[in-house]
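A.B. asks: Let me give you the structure first, and then I'll get to my questions.
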Amino acid sequence: MKWIRDPQLLPIAAKVEAGERLTFEEGMVLYRTPDLNTLARLADLVRNRQHGDKTYFVHSLRLEFTNLCYVGCTFCAFAARKGDPHAWDYDADTVVAKVREKYEPGITELHMSSGHHPNRPWSFYPEMVGKLRAAFPDLQVKAFTAAEIEHLSRISKKPTLEVLRELQAAGLAAMPGGGAEIFADRVRKQVAKNKVKAERWLQIHREAHSIGMRTNATMLYGHIETLEERLDHMHRLRDLQDETGGFHAFIPLAFQPMGNSLAQNLGKTDYTTGLDDLRNLAVARIYLDNFPHIKGYWVMISSELTQVSLDWGVSDVDGTIVEEHIAHAAGAQSPLGLSKNKMIEMIQRAGRVPVLRDAFYNELEIYPAAAALAGD
Ligand code: V47
């Protein structure tokens, strides 16, 4: 503890070392401390206690089957309207064909989330999942954010639990964590006023967990939210996780500032800073003491910073993805995808042990730690 420069961190460090839960006020101390070295060490302690050097990644494929969307979130640069030259809208057979184009043996997860389509009928969605499962029996389909599930409930006139059950019966394996944005009403009204409300987002995940479907949770940060609102977001997730235990991972999404009205109206052209990204991940790792994984999303924070984040609480680095559009439409500067070898190398060169997982976090292969770390 000799390294601790900020005396406010002394009692917090003692609690973290003892495995005790932090209060909201203590979480805020983590967000404000100038002692970043201690923050990183504490996050690393928690991460290593849970996972040692193991760092998880998935050989995955990303597909957005449409960018048509009527919701109008102000941070979004991905959505299109019917007739826009950059609009796309795949039917179920095209979705299967697109996956076939990109698929390679060893890919286990297909992550799909898309716009809220203005007029595709409900029957399209279970049909698409069913066709994908029939064509690629080894592919685990992780799809539909809670916002999309609410949209499907509206168009099908079925309760969200029923929508989830029917999608699960068609072969849906898990749900991604998108659509959470920031739960606080003040922010939500300004960035996602037509989207699923915070309580509904949480309720849909509660329902998914109740039928044995595991899910993730995201938080879109780096725009108009306060630090208190970030922690409030995590607090609500921690409460739900206490109740259900159904979340696999928490994924902070760094705001990408290009091509969206939120950034334009704020006059914002800068990306989140590396230190803000790292601090956020570390606070999440310590505060979300009941989440198995904190994910460093290389698409939005770069693979270089993701490497560093493995010492700031991150134990999962998402996947190979192959081709991503939501973040890239908004100015993400990372490649569209990464090869499996690049992901292994990224983890090894950060001094950790790469673990190939599937969408359920089953460990498929454990790679050796790098023998030598020179040159990085
Ligand atoms: O829901 C949209 C966000 C999400 C921007 O569950 C933006 O494993 C930053 O949910 N800047 C989609 N973020 C991505 C997502 C996700 C990503 C990786 C892993 C997982 C998982 C889920 O992206 C949207 C929205 O919250 N988003 N626009 C933007 N300009």
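The backbone N, Cα and C atoms fix where each Cβ goes, and this holds for glycine too.
According to TrEMBL, the feature [4Fe-4S] cluster binding site maps to C69, C73, C76. For F75, E181, the entry in TrEMBL reads S-adenosyl-L-methionine binding site. Annotated domain 'Radical SAM core' per TrEMBL: 55-292, in sequence order.
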A.B. asks: Cβ under 6 Å from ligand 1: which of the binding-site residues C69, C73, F75, C76 qualify?
C.D. replies: F75, C76
A.B. asks: According to DSSP, folded down to helix, strand and coil, what is C69 ([4Fe-4S] cluster binding site)?
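C.D. replies: C69 ([4Fe-4S] cluster binding site) sits in coil per DSSP, no helix or strand.
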A.B. asks: How many other Cβ atoms are found within 10 Å of the Cβ atom of F75 (S-adenosyl-L-methionine binding site), counting all protein chains shown?
C.D. replies: 22
A.B. asks: Quick check for the class: what is the C-alpha distance, in angstrom and rounded, between F75 (S-adenosyl-L-methionine binding site) and C69 ([4Fe-4S] cluster binding site)?
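C.D. replies: Here the two Cα atoms are 13 Å apart.
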A.B. asks: Cα-Cα, whole number of Å: E181 (S-adenosyl-L-methionine binding site) versus C76 ([4Fe-4S] cluster binding site)?
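C.D. replies: Cα to Cα, E181 (S-adenosyl-L-methionine binding site) and C76 ([4Fe-4S] cluster binding site) are separated by 11 Å.
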A.B. asks: Counting only residues 6+ apart in the same chain, whose Cβ is under 8 Å from the Cβ of C69 ([4Fe-4S] cluster binding site)?
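C.D. replies: The answer is C76, F78, A79, A80, S114, G115, H116, H117, P118.
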A.B. asks: Near C73 ([4Fe-4S] cluster binding site), how many other Cβ atoms are within 10 Å of its Cβ?
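C.D. replies: So the Cβ neighbour count for C73 ([4Fe-4S] cluster binding site) comes to 23.
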A.B. asks: Neighbourhood of the [4Fe-4S] cluster site (C69, C73, C76): other residues with Cβ within 8 Å of the Cβ centroid, in order?
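C.D. replies: Same chain, not in C69, C73, C76, Cβ within 8 Å: V71, G72, F75, F78, A79, G115, A192, K195.
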